[in-house]
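Novice: Encoded as structure tokens, here's the structure I'll be asking about.
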Amino acid sequence: MCDHSHQQSPLPSSFKILKDYDTTRFMKRSKTEQNIIVSAECIKENNGSMLSTDEILRLGAERFIQSFTLRGDQEPYMFNHPFASSLLDLHEEDTRNVSLVENLLASAEKVGQEQFDRARRILNEFCDKLCSNTGNAVQRLVYYFSQALHERIDRETGRDTSKGNEMKRLVQHIEHSLMNLNLTMIAAHQNIPLSQVSQFAAVQAIIDHVGESKKVHIIDLKIGSGLQWTILMQALVSHQIKHLKITALCTNLKHKIEEARERLMDFAKSLNLPFSFNIVMVKDMTELKKEDFEIDDDESIAIFAQYILMWMLARPDKLDSLMRVIKGINPRALIVVEVEANHNSPVFVDRFVEALFFYGAFFDSLEDCMKNDERNRTATELEHLSQGIRSIVATEGEERTIRHVKVDVWRAFFARYRMEEMELSMSSLYQANLVLKNFACGSCCTLEMNKNCLLIGWKGTPLSSLSAWKFS
């Protein structure tokens with residue numbers, strides 16, 4: 001007779017994506033990965049007793065795979081683990097964090113198999129007791145993913161979504177305590193290099209294509225605070241430009257854009273820069289027309305699309321309508337900044353794993369860059385990151401508004417409109433590297449070229465992409 005006591009169970013097909021996240025990623029790079037710029041100083045910081053969030057996630061994934069192949073469909077037991085000896089050399093807190101990740105993955109696996117009672121039990125017994133939105137980076141990350149799993153389970157089983165309501169109450173609390181979340185965004189912008197890297201490099205890309213013109217027209221599809229255009233204004237002063245026009249597209253919150261207009265008008269005045277600011281307001285992107293923009297024949301146009309296209313992936317009619325208008329305008333350059341992640345898979349577990357590693361890098365960056373500003377760090381995680389996690393993990397259908405895709409998907413999409421990707425100049429890459437030198441944690445921000453696209457990441461995990469396009 002054969003002894004089946006040590007027979008291994010195959011890893012469920014839905015979790016084979018975890019094999020892409022092996023622990024040797026940073027030790028052995030393929031030739032295509034060797035153009036990642038990682039500072040030795042940052043790597044040195046991670047060689048102490050405490051592991052980075054990414055390393056914790058990879059160890060947790062490795063342990064989940066190992067334990068599943070041995071135990072199969074049995075429940076995980078966090079404190080009686082067959083691979084506990086492999087963690088003896090880890091810091092005590094790292095060991096707890098690895099176990100947290102392993103059990104979070106076990107719960108997600110049960111959700112993917114629609115074993116909701118077992119998934120909830122794993123969360124209640126192994127995750128919720130040890131994670132916290134005020135703990136270390138891994139504990140906070142697991143907390144928000146656990147909350148999202150609870151909400152998904154409640155939705156699937158028809159229970160009252162108490163966890164979702166709890167999250168909404170937490171958001172309201174932080175809003176009231178801070179009174180103005182713009183302060184939180186400013187704090188994150190000042191302390192974390194990721195957004196400034198993309199903004200400075202993007203502005204340089206715009207200058208490369210319209211900087212020699214006497215009349216420049218920038219169309220911003222999602223202007224936000226408009227802070228990025230103060231960089232452009234200062235650069236254009238030396239170009240003796242006759243007029244700079246910025247047109248902001250908006251579908252809501254027009255008063256916020258009007259506030260941005262006033263700030264930019266004042267700034268342009270201080271530079272003696274001829275400047276005008278227009279607002280194009282539409283209720284729905286399908287209503288947008290080329291005629292809505294005041295376009296002069298003698299002006300050079302660049303369109304800036306920063307974290308806007310992804311919001312329309314769930315509504316392809318809106319995205320197609322916008323692209324047809326852009327094609328009609330035929331700008332010298334379409335500069336695109338997007339999230340570099342695959343959070344649009346129809347397979348729940350694939351989406352969950354991709355999101356876990358992606359947001360893990362974000363939580364790690366906040367831990368390193370905002371360690372002396374816990375108040376704003378907590379607000380950033382709660383108001384911005386947790387809402388993305390909730391959308392990806394807890395919701396489906398049109399309610400799942402966050403559907404990030406990688407640059408390869410955007411390349412295929414833009415090709416349908418006969419668009420060509422343009423090479424980013426050395427000046428853009430220089431600006432990106434220059435920004436990093438101004439941050440104490442800048443050495444941990446990684447820059448990688450993917451063909452003509454710049455990928456901006458944290459400790460090797462890509463988080464956003466910057467690319468430039470034109471119509472052929």
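From the backbone N, Cα and C atoms, a Cβ is placed for every residue, glycine too.
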Novice: Looking at 226-258, 259-291, 292-324, 325-357, which one is region 'Leucine repeat II (LRII)' according to TrEMBL?
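Specialist: Matching range for region 'Leucine repeat II (LRII)': 259-291.
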Novice: Look up motif 'VHIID' in TrEMBL and report which of 61-65, 216-220, 436-440 it refers to.
Specialist: 216-220
Novice: Quick check on the region 'SAW' (394-470): DSSP residue counts for helix, strand, coil, in that order please.
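Specialist: So the counts come to 27 helix, 26 strand, 24 coil.
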Novice: What parts of the chain pack near the motif 'VHIID' (216-220), using Cβ distances under 8 Å and only residues at least 6 beyond its ends?
Specialist: 206, 210, 226, 229, 232, 236, 241, 243-249, 293, 295-296, 299-304, 306, 329, 331
Novice: Sequence-remote contacts (6 or more beyond its ends) of the region 'Leucine repeat II (LRII)' (259-291), Cβ cut-off under 8 Å?
Specialist: 223-226, 229-230, 233-234, 236-237, 241-251, 312, 315, 317-319, 321-322, 325, 328-329
Novice: Across the motif 'VHIID' (216-220), what does the mean pLDDT come to, as a whole number?
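Specialist: So the average pLDDT across the motif 'VHIID' (216-220) works out to 98.
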